[in-house]
Amino acid sequence: MTDIAQNSQSKLEALNQWVLEVARLTRPDRIHWCDGSDAENEALIQAMQADGTLIKLNEDTHPNSYLHRSHPDDVARVEHLTFVCTTNRDDAGPNNHWMAPELARQQMDSLFEGCMEGRTMYVVPYCMGPIDSPLSRCGVEITDSAYVVANMRIMTRMGAPALARIERDGSYVKGLHSTGDLNPDRRFIMHFPEELEIQSFGSGYGGNALLGKKCHALRIASHQAQSEGWLAEHMLILGIENPKGDKHYIAAAFPSACGKTNLAMLIPPEGYVRDGWKITTIGDDICWMRPGADGRLYAINPEAGFFGVAPGTSEKSNPNALASLQRDAIFTNVAVTDDNQPWWEGLDKRVPAIDWRGNVYDFNAGKPAAHPNSRFTVSAKQCPSYSPMAEDPQGVPISAIVFGGRRASLVPLVFEARDWTHGVLVGAAMGSETTAAATGAVGVMRRDPMAMKPFCGYNFADYFAHWLSFDQANAKLPKVFHVNWFRKGDAGDFLWPGFGDNMRVLEWMLKRVAGEVDSQETPIGHLPKIEDVNLEGVELSQEAREKLFGYDREGWRHEFASIGEYLDEYGPRMPEALKDEQKATARSLG
Ligand code: OXD
Ligand code: MN
């Protein structure tokens with residue numbers, strides 16, 4: 001405990017006290033304060049190779065890259081075991097599992113008691129966002145997992161600079177994590193937003209264990225943002241530059257594993273590249289936004305890395321991601337080829353040798369070789385499209401906000417909200433089919449407002465009211481759009497090519513932002529006139545044209561009845577303005 005003594009006289013006294021308290025409860029053999037240095041990382045990687053936590057991948061093809069195989073019962077977020085522990089149950093809302101803070105603390109104390117015996121306790125100071133940004137916020141994660149430390153080092157600004165900022169600010173989110181015995185029956189992810197605290201036990205999986213990510217940057221931050229007048233959102237941020245050199249930034253919310261990473265790193269179709277269009281990446285998962293002095297919303301990506309879904313990532317779907325993964329990456333639960341390269345379904349035609357559990361892969365068994373939620377962790381700076389603006393302390397001004405879900409039927413390719421209130425309704429009404437990013441059934445349609453169902457740290461009714469409150473007299477708010485890349489035809493095939501071709505939809509949005517084209521006005525919003533979307537080189541069947549660019553009044557009538565019922569589930573806290581907007585649309589649908 002000698003390192004602690006060094007800090008004990010400093011302004012970090014309260015932090016030291018908390019670390020000692022946690023050590024008394026969890027009884028680690030050693031305490032290590034992480035400085036984030038290369039030497040520290042190398043030592044951790046070596047130790048993890050020695051104890052089997054990491055397996056070195058092919059050094060020639062993937063230098064300094066490692067594979068981690070998790071416990072097979074610990075492969076995704078656990079929404080049913082994730083709680084928001086506010087004093088009043090209604091503040092957490094029907095969108096969250098709730099537990100009384102005292103009960104939750106008692107329960108967690110008994111799990112944490114002695115859980116680090118024989119282990120090292122790592123103290124990980126981190127900053128979410130550029131170290132010198134007024135929009136950034138810090139945290140300290142205490143963990144007994146070296147894998148978590150190595151991932152936090154990639155995903156956040158971790159170590160000495162973060163500790164220095166904590167010393168300056170004096171405030172930080174306290175996160176306590178232990179993998180425990182990885183028993184799913186002794187697994188809980190608890191949030192105490194009123195005390196800016198997180199406690200996570202029994203899982204080493206990213207979304208449950210890298211506390212800077214979902215727990216801090218979304219659940220705790222959304223709560224904090226509500227009282228401080230900003231927004232913490234499950235959104236990618238991309239930059240788009242047209243041939244004239246005009247730059248715009250777009251923030252887009254999609255549920256987990258619905259293509260945020262692919263869209264954030266999009267490479268435009270050939271014709272666009274030739275004409276001088278360019279996409280740059282600010283972030284692929286989380287966006288913190290606040291109004292600037294000019295009334296526009298300014299956004300930062302609080303993360304420093306990508307924790308992306310591996311399956312489906314290929315030269316076709318996301319060449320920038322593949323280029324990022326050529327070195328210095330951690331892969332979790334992917335398969336490996338016979339020459340020890342990482343492999344996953346959709347990457348290429350090779351047949352892997354070993355599956356994600358470490359067994360010889362049996363092609364004929366018909367099971368995926370990589371886990372469907374297998375992941376890569378890599379520094380954002382390795383991405384060829386990464387924008388230096390991601391490091392700008394002021395953030396980037398947002399011209400358009402995009403909501404989108406995975407909807408096989410009904411929802412057209414793109415439409416624009418009439419105004420901000422309608423845009424909030426469009427976000428609130430979002431639905432999507434569930435994916436492997438969380439445990440539970442896959443492919444079930446559920447409401448996932450603003451893609452925040454698993455991540456909003458307070459009552460959705462209050463969250464929608466908070467969104468509505470940005471519509472001030474001096475505000476210059478972004479336009480709001482909804483997209484659906486996943487519409488299927490009667491034969492069950494996807495109707496839109498997606499990936500790079502999504503550029504065509506982004507271009508239409510920018511034309512709308514610039515007031516260059518008009519639209520078809522419908523009760524659900526403004527749909528593009530098909531001739532205003534550049535479809536050169538895209539072959540669309542008649543069915544695709546009708547379904548992607550048309551709207552089915554009868555189907556939307558049912559949808560709006562269901563949206564009305566959904567809003568009513570929140571009772572009297574649901575803002576009247578949102579209910580009125582829903583009713584007005586329902587009426588105009590007849
Ligand atoms: C993620 C998720 O890991 O949303 O980003 O599950
Ligand atoms: Mn996510």
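Cβ atoms here come from the backbone N, Cα and C positions, even for glycine.
Automatic, uncurated: that is what TrEMBL annotation is.
Remark: Cys258 (active site) has Gly404, Gly405, Arg406, Ser432, Thr435, Ala451, Phe486 as non-local neighbours, by Cβ distance under 8 Å and separation of at least 6 in sequence. Among the features that TrEMBL reports, active site is placed at Cys258.
Other Cβ atoms within 10 Å of the Cβ of Arg77 (substrate binding site) number 22 in total over all chains. The substrate binding site annotation in TrEMBL covers Arg77, Tyr205, Gly206, Gly207, Ser256, Asn373, Ser374, Arg375.
The feature Mn(2+) binding site is assigned by TrEMBL to Lys214, His234, Asp285. Secondary structure at Lys214 (Mn(2+) binding site), as computed by DSSP, is helix. Around Lys214 (Mn(2+) binding site), the same-chain residues six or more apart in sequence whose CB sits under 8 Å from its CB are Arg77, Gly207, Asn208, Pro454, Phe455, listed in sequence order.
The feature GTP binding site is assigned by TrEMBL to Ala257, Cys258, Gly259, Lys260, Thr261, Asn262, Arg375, Arg406, Phe499, Gly500, Asp501, Asn502.
Taken from TrEMBL, the feature domain 'Phosphoenolpyruvate carboxykinase GTP-utilising N-terminal' applies to 17-225. Predicted-model confidence for the domain 'Phosphoenolpyruvate carboxykinase GTP-utilising N-terminal' (17-225) is 98, expressed as mean pLDDT.
According to TrEMBL, the feature domain 'Phosphoenolpyruvate carboxykinase C-terminal P-loop' maps to 230-585.
Looking at Thr261 (GTP binding site) and Gly206 (substrate binding site), their Cα atoms lie 16 Å from each other.
Between the CA atoms of Asp501 (GTP binding site) and Ser256 (substrate binding site) there is a gap of 21 Å. In sequence order, the binding-site residues near Phe499 (GTP binding site) (Cα within 10 Å of its Cα) amount to none of Tyr205, Gly206, His234, Asp285, Asn373, Ser374.
Among the recorded positions Ala257, Cys258, Ser374, no residue has its Cβ under 6 Å from any atom of ligand 1.
Nearest to Gly259 (GTP binding site) in space, judged by Cα atoms and limited to the binding-site residues Tyr205, Asp285, Asn373, Ser374, Arg375, is Asp285.
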